[in-house]
Amino acid sequence: MASCLPNASPFLVMLAMCLLISTSEAEKYVVGGSEKSWKFPLSKPDSLSHWANSHRFKIGDTLIFKYEKRTESVHEGNETDYEGCNTVGKYHIVFNGGNTKVMLTKPGFRHFISGNQSHCQMGLKLAVLVISSNKTKKNLLSPSPSPSPPPSSLLSPSPSPLPNNQGVTSSSGAGFIGVMMWLMLLL
């Protein structure tokens, strides 16, 4: 029996590493699902709200805002500034580089608006709900509260669901897991 322990230990370490990697995958989301989606005019005033509601954002995920830096910017602020499209909020973080990457580091709502107030008022704003990455699968499958859509969305029908992975890139550990499984077979 004692001779089994040395062989079991590497197996358990590799199994633990595989489980850790598969549960800690972070996603990168291009806001709006495509290049230059952070621009005005939008295809529909509530298109960014619908896009955000079709995804589950977790701690560690990254939002990528792609926009024309000469004409647009991204402001991160609070809910009040988001609702009122206040572009001069006291606690705003302003991004204006054209390719802004924002890592989601804690659970809760994050609010982003255009630096151009009239663009924001026409729907160029985004609220996302970030969930803790240690939620159970049951919690991930249950509906979550959604950010307040612009008033025009109350009158328009809901669009059909977006296809999976629209605007999403995964930093998957699938290749690493395959290598680890191959190594386990060699042992």
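Any Cβ shown, glycine's included, is placed from N, Cα and C.
The signal peptide annotation in Swiss-Prot covers 1-26 and is backed by sequence analysis. Sequence annotations record features per position, and here Swiss-Prot assigns domain 'Phytocyanin' to 27-132 based on sequence analysis. Annotation comment: Swiss-Prot describes Asn78, Asn116, Asn134 as N-linked glycosylation site, evidence class sequence analysis. Feature annotation from Swiss-Prot assigns disulfide bond to Cys85-Cys120; the stated evidence is sequence analysis. Annotated region 'Disordered' per Swiss-Prot: 138-167, in sequence order. Sequence annotations record features per position, and here Swiss-Prot assigns compositional bias 'Pro residues' to 144-162.
There are 14 other Cβ atoms within 10 Å of the Cβ belonging to Asn78 (N-linked glycosylation site). Here the CA atom of Cys85 (disulfide bond) lies 9 Å from the CA atom of Asn116 (N-linked glycosylation site).
According to its DSSP assignment, Cys120 (disulfide bond) is helical.
Counting every protein chain shown, 17 other Cβ atoms lie within 10 Å of the Cβ of Asn116 (N-linked glycosylation site). For the recorded site, Asn78 (N-linked glycosylation site), the DSSP three-state label reads coil. For Cys120 (disulfide bond), applying a Cβ distance below 8 Å and a minimum sequence separation of six or more within one chain yields Cys85, Thr87, Ile113, Ser114. Take the CB of Cys85 (disulfide bond) and look out to 10 A: across all protein chains shown you find 20 other CB atoms.
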